[in-house]
Amino acid sequence: MASVVCNSSSSTTTTTLKTPFTSLGSTPKPSQLFLHGKRNKTFKVSCKVINNNGNQDETNSVDRRNVLLGLGGLYGVANAIPLAASATPIPSPDLKTCGRATISDGPLVPYSCCPPPMPTNFDTIPYYKFPSMTKLRIRTPAHAVDEEYIAKYNLAISRMRDLDKTEPLNPLGFKQQANIHCAYCNGAYIIGGKELQVHNSWLFFPFHRWYLYFYERILGKLIDDPTFALPYWNWDHPKGMRLPPMFDREGSSLYDERRNQQVRNGTVLDLGSFGDKVETTQLQLMSNNLTLMYRQMVTNAPCPLLFFGAPYVLGNNVEAPGTIETIPHIPVHIWAGTVRGSKFPNGDVSYGEDMGNFYSAGLDPVFYCHHGNVDRMWNEWKAIGGKRRDISEKDWLNSEFFFYDEHKNPYRVKVRDCLDTKKMGYDYAPMPTPWRNFKPKSKASVGKVNTSTLPPANEVFPLAKMDKTISFAINRPASSRTQQEKNEQEEMLTFNNIRYDNRGYIRFDVFLNVDNNVNANELDKAEFAGSYTSLPHVHRAGENDHIAKVNFQLAITELLEDIGLEDEDTIAVTLVPKKGGEGISIENVEIKLVDC
């Protein structure tokens, strides 16, 4: 089983595409999805000019030779999107064209997230070259560090915060570093008439890897320790499924007042959190977490684009994140941030700050610890084997970002240079990964659900709102397929034209071979197929409403094997709304066989 989230337009066409990957030895597996496309064209970029004190100048049009926006999308998206131009690799944005960022589901950010004034002509900024090293920096799990390390980490963050007071425009300062995420993620840069966004696509992993790389080196510079390494929040292991204690010490430089106070003091983390507390035991919650990790790292991500996310497409707002970005990356942000709609002591309304909103996430030191483990998952995923390897598509490899190094020198960086952490000078201290062997085996049901008692899909859809659990029967295009047929084609459970207001949290879970009596708080069951999730979005330039229109696909070949439904012509599907279901509509659902 593998999941794909895709944008749709008024008409959708399903297409088989191919993607080249870097050459690593592997054994083919049944669930493999490939994408490919050719593009090479220049186009104009319309950018807002704003200086660092927030004063906006007139709009400029900048000729960009390398502006991405990747190739087609996942399956139907490739042909459904009206392309404004052929896509080319995304360049590092011209920081002189930075505009005001917007709070997701809120007003403009009340300050400028743009970087300090450029010391030189942007076109002359060099590409970064790794400095020589004699020893790898080793990132360790945050729950296992000693007091000596905590003191050193506190000192580094404290000195970074001090720069905010003494040199507010110093790019090494704490707020300036946090603003990097705000600018790249909340609409400060306009490319091709659309906000540049490093989430929801294949840019997610490489952007954050480079971001942490320079952040880590800056911390080391501030305490004169070139071997200093960030910790990682080991939330994929039961021992790390809590807020790391060093971040929960009031008065320390690692503490953030704008966190959800309910997650303190050893509260078990919910890797599927979408704002509501799950009424279950700590043991069940940890079991759910390990199940989610297995689904997102193994079952749902047998091939690169499912893990990394879709290519970024020119002229279209890509909303096709990879598995780990959706869960657990997003839920950890939500879990740690303040509750949206609650009030701060000064009377301001929360938009999820700090961790729960991209513009402010970098203001919480735990953000970098969280993304340390997200980055570690990239390494762990490739280590599983099979088709799990880095993308070799040039539009990905040649995409660029911009950062200041620890000496305040500006550099451009490419995705192709961040594929090997050891070449970058760091590695991760090994920890057991119990989720790798946590494939759900117990079943929520005994035998096959009687599908004759369920309404057929064509009587349930179109669905106006998902305000309750919904079960239906759906026909398969073929049954009793041979192994060769499974290798050649993936069986895809496809939800066409899902619509919802993108200003709120959205999540619904999908189960096979259960009815509406399923206990949806127990995810460690073989019938759990996956989840559709969405965070509140920034209202993008050119949008006339807040309605998201997406397709959602789950590859179910492996799942049908696990629950013994390979020979059935009709199967039962159950949808369980977890967040925002009353605002979700779905046009239709079908099962397709798609070439791999």
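Glycine is treated like the rest: Cβ placed from N, Cα and C.
Swiss-Prot lists H181, H199, H208 with the feature Cu cation A binding site. Taking Cβ-Cβ distances under 8 Å and a sequence separation of 6 or more, the neighbours of H181 (Cu cation A binding site) in its chain are Y211, F358, Y359, A361, G362, F367. Under DSSP, H181 (Cu cation A binding site) is assigned to a helix (H, G or I) in the three-state scheme.
Here Swiss-Prot flags H329, H333, H371 as Cu cation B binding site, drawing on similarity to another entry. Around H371 (Cu cation B binding site), taking its Cβ as the centre, 25 other Cβ atoms fall within 10 Å, counting all chains. Under DSSP, H371 (Cu cation B binding site) is assigned to a helix (H, G or I) in the three-state scheme.
Feature annotation from Swiss-Prot assigns compositional bias 'Low complexity' to 8-23.
According to DSSP, C98 (disulfide bond) sits in a coil region rather than a helix or strand. Marked as disulfide bond by Swiss-Prot on the basis of similarity to another entry: C98-C114 (among others).
According to Swiss-Prot, the disulfide bond annotation covers C113-C182 (among others). Around C182 (disulfide bond), the C-beta neighbours below 8 angstroms that are at least 6 residues distant in the chain are A101, V109, C113, A188, F358, Y359, S360, G362.
Summarising the annotation, Swiss-Prot assigns region 'Disordered' to 1-23.
Among the features that Swiss-Prot reports, transit peptide is placed at 1-87.
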- Task: Around the recorded Cu cation B site, report the further residues of that chain (criterion: Cβ within 8 Å of the mean position of the Cβ atoms of H329, H333, H371; site residues excluded), sequence-ordered.
- Result: H208, E325, P328, I330, V332, A361, F367, H370, V374
- If you measure H329 (Cu cation B binding site) to C114 (disulfide bond) at Cα, how many Å is it? 25
- Comparing local Cβ density (other Cβ atoms within 10 Å) for the disulfide-bonded residues C98, C113, C114 points to C113
- Please list residues from the chain of H199 (Cu cation A binding site) whose Cβ is under 8 angstroms from its Cβ, counting only those at least six apart in sequence. C185, P321, E325, F358
- Query: Between H333 (Cu cation B binding site) and C98 (disulfide bond), what is the CA-CA distance rounded to a whole number of Å?
  - Reply: 25
- Task: Could you name the residues, excluding H181, H199, H208, of the same chain that surround the Cu cation A site, i.e. Cβ within 8 Å of the Cβ centre of those residues, in sequence order?
- Result: Y184, C185, V198, F204, F207, Y211, F358, A361, H371
